[in-house]
Amino acid sequence: MRFTFSNDLGTLFTIILAIGFIINLVLAFIIIFLERNRRTASSTWAWLFVLFVLPLIGFILYLFFGRTVSARKLNKNNGNVLTDFDGLLKQQIESFDKGNYGTDNKQVQKHHDLVRMLLMDQDGFLTENNKVDHFIDGNDLYDQVLKDIKNAKEYIHLEYYTFALDGLGKRILHALEEKLKQGLEVKILYDDVGSKNVKMANFDHFKSLGGEVEAFFASKLPLLNFRMNNRNHRKIIVIDGQLGYVGGFNIGDEYLGLGKLGYWRDTHLRIQGDAVDALQLRFILDWNSQAHRPQFEYDVKYFPKKNGPLGNSPIQIAASGPASDWHQIEYGYTKMIMSAKKSVYLQSPYFIPDNSYINAIKIAAKSGVDVHLMIPCKPDHPLVYWATFSNASDLLSSGVKIYTYENGFIHSKMCLIDDEIVSVGTANMDFRSFELNFEVNAFVYDENLAKDLRVAYEHDITKSKQLTKESYANRPLSVKFKESLAKLVSPIL
């Protein structure tokens with residue numbers, strides 16, 4: 001009896017392995033042939049490695065983290081929202097191709113090729129009537145956000161990766177509910193994974209007052225989200241079509257420095273002016289993509305005439321996501337780095353880009369450009385941290401100055417060149433932000449803002465340690481092992 005049981009068990013195990021092997025062969029075929037235009041070579045090899053080293057587990061991981069997104073499904077509900085902006089983009093492209101840049105701004109004229117490239121995206125139209133303020137502290141940011149919510153007159157739209165309903169989240173939700181009582185339109189779009197501790201039931205009172213709330217790529221089954229790999233990492237607020245926010249801060253007490261990582265250093269922009277139209281457009285397209293309610297159509301109230309001359313900061317909003325082969329933000333960063341003549345200042349909590357991005361940084365440094373990169377000194381995601389540390393260290397031999405921020409956790413996503421142009425937003429300098437997640441950045445052609453953020457960066461350096469070739473060479477063997485493991489799977493982190 002025992003012998004029969006053993007044989008049966010062995011047969012069952014063999015069948016399971018055979019099924020797993022067949023499934024992996026099918027997935028390998030899909031990854032190599034059917035998804036070849038949606039993946040980099042390094043990503044393809046990394047997934048093949050996972051599938052064949054971990055046959056059954058690899059299949060499960062692929063279901064959650066390996067599937068790609070259909071652009072057709074995402075864009076099917078756009079309606080007539082894009083009509084006016086398609087015309088504006090076409091007009092600006094034609095003007096730039098003729099050498100007519102439509103502005104006296106020196107930075108736009110000097111970097112017209114960057115502007116022209118960013119015009120290739122539906123959000124990328126150039127606006128000039130803008131006033132920009134920046135925030136590097138979460139308390140200062142959300143004090144201002146709450147004031148702006150209180151002063152809203154017609155509507156408030158929020159789109160966030162993380163909307164934690166802790167102290168800060170409850171304060172913001174209460175402020176929004178007060179505006180609902182005054183008859184305003186209020187919509188919240190949060191990411192289902194980034195806000196994993198939030199339930200739709202938490203918004204029952206908000207919805208009873210007339211508020212609308214949706215979860216991006218919401219899971220249809222408890223604890224099972226097969227779109228876990230493609231998250232909406234954007235952070236956008238639009239108020240009355242006049243005022244917008246974009247940057248790295250999520251909503252939650254952690255971002256006020258009250259979490260386990262300590263002080264939270266990030267960068268966020270408050271924009272008044274015509275660039276708010278691009279943030280509004282992005283919110284509407286993302287809202288419509290979820291298709292669970294009546295869709296937005298074009299309405300002049302969402303794109304109103306702005307309240308007079310506000311400033312002279314030219315801005316382009318760049319969005320990127322897995323449904324497009326054109327990685328707008330990555331290419332924008334890369335173009336900036338390759339255009340730099342004097343200096344490049346980079347900040348990113350995760351630094352796992354592809355070789356072309358790393359080579360652009362090396363080329364800039366070896367061309368005599370003063371290149372700085374700042375990363376965290378502590379991990380919030382261990383494997384990601386060690387891949388970041390390894391990639392950053394690879395730049396040392398090219399003359400790049402590497403800093404680890406010691407005063408808490410740095411979450412800022414910033415690229416700044418020559419004290420002339422700065423990009424701030426949600427996109428980390430990694431494969432996930434460049435290709436897998438939905439991201440949004442502002443590219444600002446404003447010397448004053450660029451210089452202010454460079455001064456803030458230099459202050460950050462005083463709270464950082466500079467990584468040297470010597471200190472990196474003397475790292476412990478355990479660190480070398482972690483780096484090697486992390487780098488092996490970094491294309492799918």
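Cβ atoms here come from the backbone N, Cα and C positions, even for glycine.
Feature annotation from Swiss-Prot assigns active site to His233 (among others). Sequence-distant contacts of His233 (active site), defined by Cβ-Cβ distance under 8 angstroms and a gap of at least six in the same chain, are Tyr161, Asp191, Gly194, Thr426, Ala427, Ser433, Asn437, Phe438, Glu439.
Residues or ranges marked as active site in Swiss-Prot: Lys235 (among others). DSSP assigns Lys235 (active site) to a strand segment in the three-state reduction.
Among the features that Swiss-Prot reports, active site is placed at Asp240 (among others), with the record citing sequence analysis. In the shown protein chains, 21 other C-beta atoms lie within 10 A of the C-beta of Asp240 (active site).
Summarising the annotation, Swiss-Prot assigns active site to His411 (among others) and lists sequence analysis as the type of evidence. Counted within 10 Å of its Cβ, the other Cβ atoms near His411 (active site) come to 25, all protein chains included.
Feature annotation from Swiss-Prot assigns active site to Lys413 (among others). Residues near Lys413 (active site) in space but far in sequence (CB under 8 A, at least 6 apart, same chain), listed by position: Gly248, Thr267, Gln347, Ser348, Pro349, Val424, Gly425, Thr426, Ala427, Asn428, Met429, Ser433, Asn441. In the three-state DSSP reading, Lys413 (active site) counts as coil.
DSSP gives Asp418 (active site) a coil state; it is part of no helix or strand. Other Cβ atoms within 10 Å of the Cβ of Asp418 (active site) number 21 in total over all chains. Feature annotation from Swiss-Prot assigns active site to Asp418 (among others); the stated evidence is sequence analysis.
Counting only same-chain residues 6+ beyond the ends of the domain 'PLD phosphodiesterase 1' (228-255), those with a CB under 8 A from a CB of the stretch are 64-69, 135, 138, 141-142, 145, 148-149, 152-164, 166-169, 172, 189, 191, 193-194, 216-217, 261, 264, 266-272, 275-277, 279-280, 282-283, 286, 301-304, 306-307, 317, 319, 321-322, 411-413, 424-427, 433, 436-442. Sequence annotations record features per position, and here Swiss-Prot assigns domain 'PLD phosphodiesterase 1' to 228-255 based on sequence analysis.
If you look at the domain 'PLD phosphodiesterase 2' (406-433), the same-chain residues 6 or more away from its ends with a CB under 8 A from one of its CBs are 40, 43, 107, 110-111, 114, 134, 136, 161, 233-235, 246-249, 255, 257, 261-269, 318, 320, 329-330, 332-333, 336-337, 339-354, 357, 374-378, 380, 384, 388, 439-447, 449-451, 453-454, 457, 460, 463-465, 490-493. According to Swiss-Prot, the domain 'PLD phosphodiesterase 2' annotation covers 406-433, on the basis of sequence analysis.
What Swiss-Prot records for 13-33 (among others) is transmembrane segment, and it gives sequence analysis as the kind of evidence.
As annotated by Swiss-Prot, transmembrane segment applies to 45-65 (among others).
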I want to check the contact list for Lys235 (active site): same chain, sequence separation of six or more, C-beta distance under 8 angstroms. What comes out?
Glu159, Tyr160, Tyr161, Tyr245, Val246, Gly247, Gly248, Phe249, Asn250, His268, Thr426, Val440
At the level of the C-alpha atoms, what whole-angstrom distance separates His411 (active site) and Asp240 (active site)?
29
Between Asp240 (active site) and Asp418 (active site), what is the CA-CA distance rounded to a whole number of Å?
34
With H, G and I counted as helix, E and B as strand and the rest as coil, say where DSSP puts Asp240 (active site).
coil
